[in-house]
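> Feature table excerpt (TrEMBL):
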- 449-476: coiled coil (COILED)
- 10-74: domain 'DUF1899' (DOMAIN)
- 83-125: repeat 'WD' (REPEAT)
- 133-175: repeat 'WD' (REPEAT)
- 176-217: repeat 'WD' (REPEAT)
Amino acid sequence: MTVTKMSWRPTYRSSKFRNVYGKVANREHCYDGVPITKNVHDNHFCAVNSKFVAVVTESAGGGSFMVIPVSQAGRLDSHYPKVCGHQGNVLDIKWNPFFENIVASCSEDTSVRVWEIPDGGLRRNMTEAVLELYGHSRRVGLIEWHPTSSGILFSAGYDYKILIWNLEIGEPVKMIDCHTDVILSMSFNTDGSLLATSCKDKKLRVIEPRSGRVLQQASCKNHRVNRVVFLGNMKRLLTTGVSRWNTRQIALWDQEDLAMPIVEEDIDGLSGLLFPFYDADTHMLYLAGKGDGNIRYFEITTEKPYLQYLMEFRSPAPQKGLGVMPKHGLDVSACEVYRFYKLVTLKGLIEPISMIVPRRSDTYQEDIYPMTAGTEPALSATEWLSGIDRDPVLMSLKDGYHRPNQLVFKAPVKEKKSVVVNGIDLLENVPPRTENELLRMFFRQQDELRRLKEELTTKDVRIRQLELELNNLKNVSPNNV
């Protein structure tokens, strides 16, 4: 199979998205004074839904993130409350797609936590999570919610494992253990029956998540994969990475045959990571470079040339990460088809960027807003784990988004105990990561040994006392007869 090299020469064809342009929000609609994290981990550090913007922040001890109501744009108070329960830096945050007040976070402290944000946002710092999930033996770098099931969360750690959490019971129920190095990204197909991963071991994998079976695997020698994303129901994957000449590159793959990419295209010679974003409703792909201010966008087709370059949004301010507004939070009256929330670290600024299809008419544009995945889960965690797959429950954006979600998130009551998955206790003998941690663990163990010795001595004394009392009773009883 030959790999097609794409050229930048534009081939003109009819497309309703040919003139899509990016519009930066006015300063009063930006979020200013945000102490955005300086962590160099390659994540977005920002998550958005129709109610809140969450962003990972710089903090002196432990890890924290801010949750700002979408409507509360402007300059933030320097003492704005934070979610600050983690003991290590927060590395990823994701909103639950079905419960808009529920956000998950993962951290260097090896934990995954689930938080419930009150309507209207935080009034004081939040330290108590609804769920604390321990199962990884190293820091946890990635989390992803299942796209159709209400209580399934995936987490990927630096222990090279992916854990599947059933939040209905608050426990890990599966462990995917096929990676030999750090997992760089995870992406689901539309119904969540397949999981694609990119890994530092230079392999691209398509996995059946319930069994952990690797269905397809590609060893990427010429195209070093960084990020992977499923292209909706097209049976295609798109990866961003680096070519053998160290140029930034994208590649298109057939999900059922990863022997060779269908198309490879060089983007530029910059060094920052390329974040891919795919909009299944418009078949548009957005490429945003970490550390530069540009967002290129393409239209993806099932026939040649497969990738149709449309345009580029340019900005002088470099982006650290980008959050994306779900479809039901967009302004359909302005023909907005996508909205980014750009983190500008140097300015402490979160800047919304709207991607707009220019139309003269003020009426609802049905051709650019097909039925889209809504806020209602298609199945429960138990149903998905039993082997059932269902497509997302679709909604129309015609009347705007006003229907309240009647679902209530119920967290299970948990006790501290061992976590056993596939016969392995994940919490047993977790090795320390730093010298300070080793010392802390040593002194903690010394205290525990001292306490146990004291307890043993006390119990020995009590046993001797009881033995003496028993002997006394035996000696006294014959005299009483």
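Note that Cβ sites are derived from N, Cα and C of the backbone, with glycine treated the same way.
Whatever TrEMBL says is automated annotation, not expert-curated.
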> Just to confirm my parser: what is the rounded mean pLDDT across the repeat 'WD' (133-175)?
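The predicted confidence over the repeat 'WD' (133-175), as a mean pLDDT, is 95.
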> Helix, strand, coil: count each for the residues of the repeat 'WD' (176-217), based on DSSP.
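Per-class counts: 0 helix, 23 strand, 19 coil.
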> Please report, as numbers and ranges, the same-chain residues at least 6 past the borders of the coiled coil (449-476) whose CB is under 8 Å from any CB of it.
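For the coiled coil (449-476), there are no sequence-distant neighbours (Cβ-Cβ under 8 Å, at least 6 residues beyond its ends): none.
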> Work out, from DSSP, the number of helix, strand and coil residues along the domain 'DUF1899' (10-74).
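Going through the domain 'DUF1899' (10-74) residue by residue, I get 3 helix, 24 strand, 38 coil.
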> DSSP-wise, what's the residue breakdown of the repeat 'WD' (83-125) into helix, strand and coil?
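Across the repeat 'WD' (83-125), DSSP assigns the residues as follows: 0 helix, 22 strand, 21 coil.
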